[in-house]
Amino acid sequence: MAKEKFERTKPHINIGTIGHVDHGKTTLTAAITAVLAVAGDTELMDYDAIDNAPEERERGITIATSHVEYETATRHYAHVDCPGHADYVKNMITGAAQMDGAILVIAATDGPMAQTREHILLSKQVGVPYIVVFLNKEDQLDDEDKEEMLELVEMEVRELLSEYDFPGDDTPIVAGSAFQALEEAKTGTLGEWSAKIMELMDAVDEYIPEPKRETDKDFLMAIEDIFTIQGRGTVVTGKVDRGQVCVGDEVEIVGLKDTQKTTVTGVEMFRKEMDCGIAGDNCGVLIRGIDKEAVQRGMVLCKPGSITPHTQFEAEVYVLTKEEGGRHTPFFDNYRPQFYVRTTDVTGSVKLQEGTEMVMPGDNVKINVELIAPIALDEGTRFAIREGGRTVGAGVVSKIIA
């Protein structure tokens, strides 16, 4: 566990990069940390450290969700670099769920692509409240029609955002080149391309408000990963959804199996020890007397009695169209997809409500769901509906039945 204390001096915001594969999300993440490091606000992370899951570099696509931290003059950011490839939408869902806002990266050379649309939709469904746009690869546009191209892409992006109920007309859009900015920062001086990155971060500072932290609500953290620390016990990691967790607190582990009670013996963030983790923090929580095998991804850590496991609920869902990457055909009563809740997939069967014969791609309907395993649920819990690894719908729990 960590030894250094984490100091809270600036407001803390969770942010991330989203967008189509190879439009430059990871390069931008590296450029932001590099430029801010030269500006004196941040320690440097190199590109490979961000693109750090072993399977990534063979295929040149980012698979795992990487976390980096950086600071602007006014804020501390935890930044997730979200996977861009459609195969990895599952990670996109866990990653995007950790954002107070997102930077949508679009190559000015291509304009919005299939996954640009998919990520905007997913951002809407998983509750990413604000998007700032970076038009990347400006250096690759021809000088004579550069202005025109940028204007065209900008118009297209604003329309696309509005289509998914984001305020397209008011969204900040900054053009630049992440690659050129990164090259500049490597020399230790900031030039015109770095200035674009600073402009982007100013837009992020101003446009993405400090989230209303849900610190006063009952503690809940979705468990993403589980480790054993020799001689100390079991550590569970995840993002604190709401409330706070402090050393000495009694907590429950809810979902999938019988509810277990335990006590928190340590909390850490970015390898630094803390007394408490609060809503919005990505942290590790050390729990007493619980075997690693007794905990799995998809369970939640929570204040005792605050949330209970359920298998049956009513939900409001949106079914993706074929164009959005969804089903090509309708589904009927007793349809059995996977329901992706917080950090895990659980199979469930769908009961259509009276008067509904079938559900077409593009429909927005109320359905009843029965899961094969209990999950910690309450009204307002969001989920994705998936089939064979691809997202075919999204929904929110409107009523608990059992």
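Positions of Cβ are set from backbone N, Cα and C atoms, glycine also.
According to Swiss-Prot, the protein has these features:
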DOMAIN    10-212  domain 'tr-type G'
REGION    19-26  region 'G1'
BINDING   19-26, 81-85, 136-139  GTP binding site
BINDING   T26  Mg(2+) binding site
REGION    60-64  region 'G2'
REGION    81-84  region 'G3'
REGION    136-139  region 'G4'
Averaging pLDDT over all residues of the region 'G1' (19-26) gives 85
Round to the nearest Å and give the CA-to-CA distance linking G19 (GTP binding site) with the residue listed as 'Mg(2+) binding site'.
-> 10
For K25 (GTP binding site), list the number of other Cβ atoms lying within 10 Å of its Cβ atom.
-> 28
Going by DSSP, is G19 (GTP binding site) part of a helix, a strand, or coil?
-> strand
Quick one: pull the CA-CA distance for E138 (GTP binding site) versus T26 (Mg(2+) binding site), whole Å only.
-> 16
